[in-house]
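*Asks:* The structure is given below, and queries will be raised subsequently.
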Amino acid sequence: MFPAAPSPRTPGTGSRRGPLAGLGPGSTPRTASRKGLPLGSAVSSPVLFSPVGRRSSLSSRGTPTRMFPHHSITESVNYDVKTFGSSLPVKVMEALTLAEVDDQLTINIDEGGWACLVCKEKLIIWKIALSPITKLSVCKELQLPPSDFHWSADLVALSYSSPSGEAHSTQAVAVMVATREGSIRYWPSLAGEDTYTEAFVDSGGDKTYSFLTAVQGGSFILSSSGSQLIRLIPESSGKIHQHILPQGQGMLSGIGRKVSSLFGILSPSSDLTLSSVLWDRERSSFYSLTSSNISKWELDDSSEKHAYSWDINRALKENITDAIWGSESNYEAIKEGVNIRYLDLKQNCDGLVILAAAWHSADNPCLIYYSLITIEDNGCQMSDAVTVEVTQYNPPFQSEDLILCQLTVPNFSNQTAYLYNESAVYVCSTGTGKFSLPQEKIVFNAQGDSVLGAGACGGVPIIFSRNSGLVSITSRENVSILAEDLEGSLASSVAGPNSESMIFETTTKNETIAQEDKIKLLKAAFLQYCRKDLGHAQMVVDELFSSHSDLDSDSELDRAVTQISVDLMDDYPASDPRWAESVPEEAPGFSNTSLIILHQLEDKMKAHSFLMDFIHQVGLFGRLGSFPVRGTPMATRLLLCEHAEKLSAAIVLKNHHSRLSDLVNTAILIALNKREYEIPSNLTPADVFFREVSQVDTICECLLEHEEQVLRDAPMDSIEWAEVVINVNNILKDMLQAASHYRQNRNSLYRREESLEKEPEYVPWTATSGPGGIRTVIIRQHEIVLKVAYPQADSNLRNIVTEQLVALIDCFLDGYVSQLKSVDKSSNRERYDNLEMEYLQKRSDLLSPLLSLGQYLWAASLAEKYCDFDILVQMCEQTDNQSRLQRYMTQFADQNFSDFLFRWYLEKGKRGKLLSQPISQHGQLANFLQAHEHLSWLHEINSQELEKAHATLLGLANMETRYFAKKKTLLGLSKLAALASDFSEDMLQEKIEEMAEQERFLLHQETLPEQLLAEKQLNLSAMPVLTAPQLIGLYICEENRRANEYDFKKALDLLEYIDEEEDININDLKLEILCKALQRDNWSSSDGKDDPIEVSKDSIFVKILQKLLKDGIQLSEYLPEVKDLLQADQLGSLKSNPYFEFVLKANYEYYVQGQI
């Protein structure tokens, strides 16, 4: 498969161009690092462990935990090809022995540590592991369903019920198999071979199936060769629910194939040929690779959402063609005839990795160029950045049917890739890493041998050979992943008297080790890891930081890891001769020989990446806690990320230094002077500043100080005046964006799935406050740009500085968001609320000026991203853009934008706009107005919901007590709404009578005498609603001097409106009313008349009796007893008037008894 045919192509200048010419098997390839440092060369620096020491150390440990002796299978220059794990189970050996030469055997190596061999109608599943001495007796043989086609391991899938990372027992492993026709057989537990469920997938037509994949929630996806995907969900009842995954539901579906192709996104096509599928467990995403596109689905336990379909032909063909044939003079003619097939899809830390084969039929000789394309999935779409690595594997083209190469990427955290077919394996790199492994072909061409499949176990690449069984391919230990000079320096830093024996002799005695020694020993373990000696590295780590250690040990771990990371970041370039006299005698010991500062920074970034890989591999990452920084604790994992962010920022700053040396050098001198650094004569200020990367952020404040000085000194119309603002903005923006970009893109490297304890509040270095803090710097620059630069700038300069300022504000607000997310709302509510209030205020302070300056688009971009609804509403109001407001209501529906807008209208007194919302918003407006009934009736009338309006108005009238006039108006409006509604005749009559009763009561207040109101200084339009007792009191009070029988009769009528709940004795009040009426007349003499009835006929009391009689009231029941009336204290002096008593009794006899 991998002949040593020379490539006719000339390599390009970049590391991602075409293959090098004349490289055959075992050749040392180019490297992705600096020239002249082939990674395959021997390491000449001092080593920590000699081979003898390594063997003795292993034997003294008893049972080793990582690296083991294995039988070497084949010769290789750069790689160890050895048998993997324990010997194959007897059933597997028998199957291989009894199989005929032409029998199709396939293997599936599952990342959960199981291998599946398909041999004819049998499926053999067994447990695999790194250790050859572990007793692995688990081996099950299952019967496959009948099929007219060959059975394939691609149609076997295992699902695990135990959490990821745990050892899976047979009880926790479920197995599903499929045939190409669609027959399904499902074993809910591998422990029960005889217990299974069968089903058949019939999706119509003559489809055949190619892949079966275990996905979310114990379910599976069956993929047809035509790219139809079917979700299979086993149910507890024994049935297997099946449904087809949705197609073309992405954000651009429905806009047409021609239009969507402009975006690189296509609708599914019926003529697609499926090449590969991929399940991303971390993101719950499923990908399919076809002959023309990559499609993505987002899954939960029972449903799926189609995210997008990406046209790889349009997006990748030119990149691949250019990488291979780009240097040809007739390139434009060549690229029209290039053929490309997309063969396989895998994933690593850099993104999706596609294996593609390209050839041009007119080439002589015509070769197949295998390339690895890395693309990052940004969630809703693919990244624009594409990396094409053209491998050095380029066999002659024979037939398209013979292009059968496959890909495995065994370790997610690095860039090593393995291409394979039935006769050979080709080791290479994806080209996105900081170093390149030697590319080499490993042949399996012994008689009867072939490669049946490949996969990974614990990050180790595994090949299944027909003759040798499970085989691992690993880089030789003496090929360090560090650059040769850096690796040697690291070894020197931990080497000392008897350093080789010290590590194991000290740790095996289990004595207390000083913190400094722990750091040194951990460095030594890191060095061994870089030399691919994971076994020794793990042993050192296990001794230093036992998994059963106490809290003190874990805090020492945080200190040691942090110190090593800082040492890497602030390393002295000791082997640079200019630094020779300036390196402290006890420098940390990570020196490198790059004479160019930029390369020094890049090497430090590589070393940091290796350190993170090491921390993960040896099991320390999950134990990291917190470490103090800037006076407060920070999660150590995030502190490590901060170190890499500062390296990213320093690299960006160095690039600016190359272009803007005067500006950056001035700021560097200010920073170094503040630290009171003396610069050696043989070094530049930049040498000194960029060496200490941990302090790179100090330059930000210094840039502003220089900028302010220039703005004060330079004329406003000078080029220097404008350039200094633009350049300082650019440097700050690019540094902060580089840090933020690293934090987001490499999040998986520093993310902890489940934290055992709550982590401290996270304040990124890009969000520090106080003097010199980045937040302080941004606020200060915000003021400089808007108050100094902007007013004096022309329109072009204004556009430039505004765009830069928006980027700085974005970084500022993003820091607050990260900080807020780290505060636990439930346990620290007060802190969260205070921080959120601070954030909201700062957000408003930074964005509001953009509105004032009319920079609406920039203000909108930030306000939309950070959900500043106040800014968005203000902007729409200022520009009278109602359609944009409606869009925001939809866009931010889940964040209650509509409620915010309605509340804003209320607060600003814009009730007309509130009530003039389009019909589409009526539902939300109605919900909002439920809490604002004083307005909701207007919306209900506007919406012709008159019954609701009547009820709302009546409710408001019933609750109104503050203003009599308002209550009367609301009651009147309620009656009008009822009359205009669709109430039935009976219902309407009932409601009208209810309201008329209230109006009768209100009439008593409305008809209070004007003289009385003036006397009491009352006004009907401003009066509160009075209760019945209050009205009675007014009608019978002495100030009502003109009170007559009508007033007292009203007072008596009001007794009917006193509720039983009120603590008032109605009979006593009635007695008081009658007594007050009696007192209004003169009862001193008869005026010469003998008839008491005639004498009193004009008295108010008698006129009241006459009105009561006229109303048909039974006086004997209504009036109090005459004796009770005569004894009432309210009569005052009348109580002792004999004449009054005579006349009263006479009237009682005349009117009361006469009625009887």
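Cβ coordinates come from backbone N, Cα and C, glycine included.
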*Asks:* Can you tell which of Ser72, Ser227, Ser450, Ser582 Swiss-Prot marks as phosphoserine?
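*Replies:* Per Swiss-Prot, the residue annotated as phosphoserine is Ser72.
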*Asks:* Of the residues Thr10, Thr28, give the one that Swiss-Prot describes as phosphothreonine.
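*Replies:* When Swiss-Prot is consulted, phosphothreonine appears for Thr28.
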*Asks:* Of Ser436, Ser755, Ser826, Ser1085, which one does Swiss-Prot label phosphoserine?
*Replies:* Ser755
*Asks:* If you check Swiss-Prot for phosphoserine, which of Ser285, Ser549, Ser658, Ser1133 comes up?
*Replies:* Ser1133
*Asks:* Which residue does Swiss-Prot record as omega-N-methylarginine, given the choices Arg17, Arg55, Arg66?
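*Replies:* Checked Swiss-Prot: the omega-N-methylarginine annotation sits on Arg17.
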*Asks:* In angstrom units, rounded to an integer, how far apart are the Cα atoms of Ser1133 (phosphoserine) and Lys787 (N6-acetyllysine)?
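*Replies:* Cα of Ser1133 (phosphoserine) to Cα of Lys787 (N6-acetyllysine) measures 86 Å after rounding.
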*Asks:* Within the chain of Lys787 (N6-acetyllysine), which residues six or more apart in sequence place their C-beta under 8 angstroms from its C-beta?
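*Replies:* Residues satisfying the criterion: none.
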*Asks:* Across all chains shown, how many C-beta atoms besides its own are within 10 angstroms of the C-beta of Ser1133 (phosphoserine)?
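*Replies:* There are 10 of them.
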